[in-house]
């Protein structure tokens, strides 16, 4: 990868708008709502304006927020959906989502669990699933998803996708009370928008955690069904379309709709689509998934007694309920939600909102990881309750393993960043305001984050292998053997190899066991075809095998394989492009029409850290 492919990272400026600044050394102002007062009753007059709950009709989510390609399909299904008495959330239904069925439960263990998973909780303001009792016996029930198509931590790190949903239910699918809905200022109408998406990367040695935010309005390729769309619409639109399919099938067969099954399977489809879209954008295989509703922000904040923030300027924005003075202040849960949700009247819109979220998460992480919180039975008990009601995780998550991996993590090793964007005022094909990105830059950002770029840059120092000479792929017969438990892996990779012009030998499962790493076997390790295949399949080892004849190559794929064809929805080819099944063939394309406002602030500011002495001041 050339230097020109990487996002620019200029040195930090000291005078640009929106840059973080150290607050003065003073006690923060505490902002709390009186427990007995409702938002509506606590309105006050301020400069001719009424503060508190704005008098507005809840914004209805509609097909206009969905991709144009899906819109026509959705419209054609609406009549059938209404006839069945069920509509999707993205079509403006006020129907509350039902429970996804009986929850799976996992028992969790000792002290590192509550520290590590409190941190994960902080990164999405959800909680991770630590258990706690005052006598040290830790146990907690977490709601878990069904099986998701996730990675196997094969790239030297654990990558966790944390998703914040604009939902009106708790983790168990129970509707929120009217009092809670009013407190959230979210309106009555349930939606499935993923308004917060954070990809957390934790190296296998557990030495650090980097949380990377993906703007909700990022314009992405959602695949053949959705087309180009905003990232926050992928989950909800996919879920809506699956619900429509259920309704059509029920109408055609004259049977009653199985509401619980429809909710469960459509929700899973939404999760899968979001995971796949983010993997395509970032080049990162998502290993674990966590999901939280709006209530999680409030519960976790109140559980630790409020969290400190700092503002560069006073703000008043009634849509979100944000009404704060400049400077240091301590927010309770309800005001914290307003603080992190405001996106109007900010210089950079959603990107300033993300910066607020990151500064707030860093402050909350610092507070949860402090000795005061970890030694307080009452606060840990409240955190435990907040987690149980807020969080859903994937069913394959080894929480104890992650806790052991991260037991020495401190706040200073937790940082927050945002993906590079090309403009913050772009326009989609259907005229919506979007954030445009260059997928090549985004992938370069994550490669640099994971350290992969260092090995690629080593060509400048002469440390890489010599250039692979030209060869005729048809002169080599390649066998592909699956030594993993991943169904269809050998067939997918075999098809890619055949598509590159190689002759294909045996394709199937490896009968022998004990293979832990993928490799390319060949009679002579200098064979250019074997070396090229090894490189294109993700940098596999080339291993000498005297039992093979010249011109014979054998590829063995283990459970750690992450190269092209690793999953069913992997559209990569051996040339590093993408197949024509709906994903972009050119990863350097910028979807939509870029605007004129570039995000220079993110490039100039240092990553936000959870290890500072006080909160960083933000817009």
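Cβ atoms here come from the backbone N, Cα and C positions, even for glycine.
It is 115-133, from the ranges 77-95, 96-114, 115-133, that TrEMBL records as transmembrane segment. TrEMBL lists region 'Disordered' at one of the ranges 423-447, 448-472, 473-497, namely 448-472.
Mean predicted confidence for the domain 'Cell envelope-related transcriptional attenuator' (194-369): the pLDDT average there is 89.
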